[in-house]
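Some features that Swiss-Prot has for this protein:
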SITE      10  site 'Discriminates between blocked and unblocked aminoacyl-tRNA'
BINDING   15, 67, 69, 115  tRNA binding site
ACT_SITE  20  active site, proton acceptor
SITE      94  site 'Stabilizes the basic form of H active site to accept a proton'
């Protein structure tokens with residue numbers, strides 16, 4: 001049995017510190033804490049592996065390199081290769097409807113307008129997979145949504161997201177150890 005943790009984002013230095021890359025930021029924080037290098041190429045992305053818990057369960061950490069709107073291709077390839085059921089895939093991504101740094105876990109649900117999640121749902125053929133959303137806040141007046149998500153965080157929002165990352169990493173650890181319901185009960189803010 002294996003699990004797949006996916007951080008949604010866009011590749012390249014231009015997007016590295018943008019709001020839309022909050023999923024990658026969280027995946028990187030988890031990988032750093034557990035000494036995993038996410039640098040193997042495959043599944044139209046970069047991935048790394050670790051063993052988790054007393055049973056040394058395989059956990060794959062994946063960053064799709066397809067750009068956000070095609071992320072599902074990468075996720076589906078990795079899930080098929082490792083024979084991972086949707087319930088064992090945790091997708092990490094940004095959410096406009098949550099204040100910066102707020103966390104929300106769900107066992108399943110709609111894409112909520114997030115194109116990366118829409119792609120994952122389309123490629124997996126189901127919306128029945130766990131997800132962890134990281135708040136990035138709504139656009140400031142005068143901003144279009146696309147410009148907002150592809151812009152870097154302002155200083156206050158960057159601080160809020162950075163402060164939330166350790167708790168978000170703990171939420172991922174809880175998902176791996178105890179499952180999505182325990183993680184939801186403990187870490188939804």
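One-based numbering along the chain as shown.
Cβ from N, Cα, C; glycine included.
In this view, the densest Cβ surroundings among the recorded positions 10, 69, 115 belong to 10, judged by other Cβ atoms lying within 10 Å. In the three-state DSSP scheme, residue 15 (tRNA binding site) falls into the coil class. Other residues of the same chain near the tRNA site, with their Cβ within 8 Å of the Cβ centroid of 15, 67, 69, 115, are 10, 20, 66, 68, 70, 71, 116.
Using a 10 Å radius centred on the Cβ of residue 20 (active site, proton acceptor) and all shown protein chains, the other Cβ atoms total 23. Separating the Cα atoms of residue 15 (tRNA binding site) and residue 94 (site 'Stabilizes the basic form of H active site to accept a proton') is a whole-number distance of 13 Å. Residue 15 (tRNA binding site) has a Cβ environment of 18 other Cβ atoms inside 10 Å. Neighbours of residue 67 (tRNA binding site), defined as other CB atoms within 10 A of its CB across all chains, total 16.
The Cα atom of residue 10 (site 'Discriminates between blocked and unblocked aminoacyl-tRNA') lies nearest to that of 67, taking the recorded positions 20, 67, 69, 94, 115 as the candidates. Within the same chain, residues at least six positions away from residue 94 (site 'Stabilizes the basic form of H active site to accept a proton') with a Cβ under 8 Å of its Cβ are 8, 19, 20, 21, 22, 23, 114, 133, 134, 135, 136, 149. If you compare every pair of Cα atoms in 15, 67, 69, 115, the residues listed for tRNA, the longest distance is 16 angstrom. Classification of residue 94 (site 'Stabilizes the basic form of H active site to accept a proton') by DSSP places it within a strand.
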